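For 1-25, the entry in Swiss-Prot reads signal peptide, with the evidence type similarity to another entry. Here Swiss-Prot flags 26-395 as topological domain 'Extracellular'. Per Swiss-Prot, the feature N-linked glycosylation site maps to Asn254, Asn295, Asn324. As annotated by Swiss-Prot, domain 'Ig-like C2-type 3' applies to 317-373. Annotated transmembrane segment per Swiss-Prot: 396-417, in sequence order. Taken from Swiss-Prot, the feature S-palmitoyl cysteine covers Cys418, Cys421. Under the heading topological domain 'Cytoplasmic', Swiss-Prot lists 418-457. Marked as phosphoserine by Swiss-Prot on the basis of similarity to another entry: Ser432, Ser439, Ser455.
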Amino acid sequence: MNGGIPFRHLLLVLQLALLPAVTHGKTVVLGKKGEVVELPCETSLKKNVPFHWKTSDQIKILGVQNYFVTRGQSKLTDRIDSKKSSWDRGSFPLLIKDARIEDSETYICEVESKKEEVELQVFGLTANPDTHLLQGQSLTLTLESPPGSSPSVECTSPRGKRIRGRKTLSVSQLGIPDSGTWKCTVFQHLELVFEINIVVLAFQQASSTVYKKEGEQVEFSFPLAFAAETLTGSGELCWQAERASSSKSWITFNLTKQEVYVKLVTQDPKLRMGKKLPLHLTLAQALPQYAGSGNFTLALKGKTGKLHQEVNLVVMRVTQLQNNLTCEVWGPTSPKLMLSLKLENQEAKVSKREKAVWVLNPEPGAWQCLLSDSGQVLLESKFEALPTRSPPVQPMVLIVLGGVAGLLAFTGLGIFLCVRCRHRRRQAERMSQIKRLLSEKKTCQCPHRFQKTCSPI
């Protein structure tokens, strides 16, 4: 009797040893596609003990005993590891490198006759068509998730705009403020935060205007709104002068690793382009015939579409012709701009919302022509007005006037002589008629004539 009790105890111990290990509550881990995922496994002993990692269908992944690591024949063989530095603290994590969506499943850690289940869910967030987009293009953020999951995602742009959705988020008409880090949070029981860097390819300014006096040197600058370590592409500046009927190409160039190589350049006007970034052009002289608008384009290698910047040139000219002082501007200007002429340190003599103003008989001295917008002076030109005087009479004018006077005198004399001659002719005819009448009367009263011509009584 006494000998059977130890045997029953021994049998009970053997049966307990053959039972499966006790399973604790499942831990859920959210991981990012392409990154390292850490699955936790800990023991209360806080010391190094043997442990094993398996899949839910009992395929061995990794095991450690006496610091000796063994790897099973699984799809993770070349992507798994553990933190040896944490084993002595009773922590035996499984590290999965380059995590993939298909790695999402339940993993089992066996340690101290216990089983700890860890459910891994791997998510991916991709930007389409790319993380580098041209200004004005649309951005689509697509969430990849494990089968059977139903996550939601919320993204916040650098400008603070929030968008929410399930699998796909779209943003149209990207601008420079959208360039930067986008923070996207995936909600699937837990939260997983993605940070994705979006670069909007654009010039810092969509449009710029340069105001210059006639004859001054002009600098056009086209700084980029993004940092570029290696930039390759080609560009062109097409110009539409205000006085021209059509636009023409002023310059074309190639950009190779931030070096500028000019291909073709016009000879009129004289242009010079810088060899380094930022892209910039120099026009030797600002002349009225060059005033107008240009379209500067840059096509980047591997990108569909072009970067655009509009550039305008406004030129001011002040002239004095005889007794007229005139100020004019050429180029694209707003109807709100004010053009004024005034003596220095005095009130404006004339001020109009037009492209030309003038003053008749200007006082001698220093005059100023101002182009302003709501009181802000955009362009100023100074001019020293000379005393005005009556224009000298030209010899040709005297000759013409003398000829006209002589012609008038000759014509008057001719008319006078004709009238006088006609008057004398009429007077002679009248005297002749009187003489004839008198002659006839005398003949009729003669006696011998009367006797011959009169009939007897």
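Yeah, the Cβs are placed from backbone N, Cα and C, and that goes for glycine too.
DSSP places the residues of the domain 'Ig-like C2-type 3' (317-373) in helix, strand and coil in these numbers: 0 helix, 37 strand, 20 coil. Note: the Cα of Ser432 (phosphoserine) and the Cα of Asn254 (N-linked glycosylation site) are spaced 109 Å from each other.
Rounded to a whole number, the C-alpha distance linking Asn254 (N-linked glycosylation site) with Asn324 (N-linked glycosylation site) is 49 angstrom. A separation of roughly 37 Å, to the nearest angstrom, links the Cα atoms of Asn295 (N-linked glycosylation site) and Asn324 (N-linked glycosylation site).
Under a cutoff of 8 A between CB atoms, and with a sequence separation of 6+ in the same chain, the neighbours of Asn324 (N-linked glycosylation site) are Trp358, Val359, Leu360.
DSSP assigns Asn254 (N-linked glycosylation site) to a strand in the three-state reduction. On the 0 to 100 pLDDT scale, the model's mean across the domain 'Ig-like C2-type 3' (317-373) is 91. Least packed by the Cβ count within 10 Å, out of the recorded positions Asn295, Ser432, is Ser432.
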